[in-house]
Amino acid sequence: MSMVDEPLYPIAVLIDELKNDDIQLRLNSIRRLSTIARALGEERTRKELIPFLSENNDDDDEVLLAMAEELGVFIPYVGGVEHAHVLLPPLETLCTVEETCVRDKAVESLCRIGSQMRESDLVDWFIPLVKRLAAGEWFTARVSACGLFHIAYPSASDMLKTELRSIYTQLCQDDMPMVRRSAASNLGKFAATVEPAHLKTDIMSIFEDLTQDDQDSVRLLAVEGCAALGKLLEPQDCVAHILPVIVNFSQDKSWRVRYMVANQLYELCEAVGPEPTRTDLVPAYVRLLRDNEAEVRIAAAGKVTKFCRILNPELSIQHILPCVKELSSDSSQHVRSALASVIMGMAPVLGKDATIEQLLPIFLSLLKDEFPDVRLNIISKLDQVNQVIGIDLLSQSLLPAIVELAEDRHWRVRLAIIEYIPLLASQLGVGFFDDKLGGLCMQWLQDKVYSIRDAAANNLKRLAEEFGPEWAMQHIIPQVLEMISNPHYLYRMTILRAVSLLAPVMGPEITCSKLLPVVVSVSKDRVPNIKFNVAKVLQSLIPIVDQSVVEKTIRPCLVELSEDPDVDVRFFASQAIQSIDNLMMSS
């Protein structure tokens, strides 16, 4: 091919590949658009590549999605911001396709391009595009149009602004629920760009229409609009216009709408301010906590701590706590689980006395719940209660339940308890710990589940760090080393793992006198898995112990293992010997 034809080559290849039957080829060529544009240069990209893409009528959604994404970052390849408008026609076409994710990506790319365009270009090119889409015959175009108003509106003239507001009003009254849904979900973004005077009149009347829509899918999106509009309005307007809507929505006939209110209520409270929250929203929230649909109760229960933070403790105890008690014995395990994940946060809000009197019994009942996730959620947040009621009370009331859970039949619950033990140990102090929890920590090393044994080994290391090597020498090391003669090789492997974790904490002296001899003795084990784990542990001990010990004790043991009949044992032993040699050379 001659040099003259060279620039034609990329576009010719692209055209061939985009017409190929193989979808992967078409996808790859779309993903290489930026490379092709660089090869063509800015002018030819504008005059040849973009028009070609506008006419490209590929019917595969994956290819169209990739194209919508690529075009969003294409401004540098068409000659910068002054030529950005040439990218609008192909994206306008993509805004009308049937597949939702392609339209969403096209709208996202149009917003990205529109936010960089010059004001005059927005008026000449972008606003007419929005108007064309909004008047589209097919509903997909009108759905896409709703997401572009917040980009088009700020740069429009007053006359155009009036027109855009009236077009948006029409979209909110469209015959197709999908269009009204899109208008409802984008209302917050559009409202943020509208002047305060029109916000109270035009936008609020649009909003009121949406809140009375006969489709629950539209109304539930209007709930999100409540929070967004509430932040834009003055507090008194918010109370006048938004508050009644929220209260009505909390009693809506559709549980989906009530679910949205329960999810958004905290944000809505921030919008209307503390006084209306106390008088109007507390009763609404109590209704949601007692809703007859479990999904609504789950959403409401998950926000109980956040909601109590807005109220004073007296109001929380008077109105919210009775509902919390009911929810703790709810018929749905998911409601109890949602409550368990946040209820601990109520302790600091309610204070010591109310926690001891009212919350502790609820904690205990949730700790004994038959559903493991409920128990897990309580265990993982215990430290929040400890800060409020103190360790003495915690240990008297909750510790028996914790000890019981340490032997729970669900291994994930046992795992959560293990992970909580070091924190508990630091709070309880060494005396109390030895008394109540020491035995459990050893028991877990012989659990049937590997994750528990591994967590138990890590737990011993963290306890040794917490209470110091002397305590560990007395309370951990003897019991651990005793277990090395367990008849089951998996338990012996756990002990080797514990030794490798404890050695750095215990220091060189105890490692040499107590831990190393045991590891060396296990190198004669009949199970290859144990032997290659011995090689790994010895390798981890090399930096901890003295050089003379390495040569006198560790190397001979490894040399013996490197001649083992098992290939894996030989491999790990040789690796360990190699690391001794490397250490010698570097020192």
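Using N, Cα and C of the backbone, Cβ positions are placed for all residues, glycine too.
Automated prediction, rather than curation, is the source of TrEMBL annotations.
According to TrEMBL, the feature repeat 'HEAT' maps to 10-48, 164-202, 203-241, 242-280, 281-319, 320-358, 359-397, 398-436, 437-475, 476-514, 515-553, 554-587. What TrEMBL lists as domain 'Phosphatase 2A Regulatory Subunit A helical' is 358-520.
Across the repeat 'HEAT' (515-553), the prediction's mean pLDDT works out to 84. Under DSSP, the residues of the repeat 'HEAT' (320-358) split into helix, strand and coil as follows: 32 helix, 0 strand, 7 coil. When DSSP labels each residue, the repeat 'HEAT' (437-475) comes out as 34 helix, 0 strand, 5 coil, counted as helix, strand and coil in that order.
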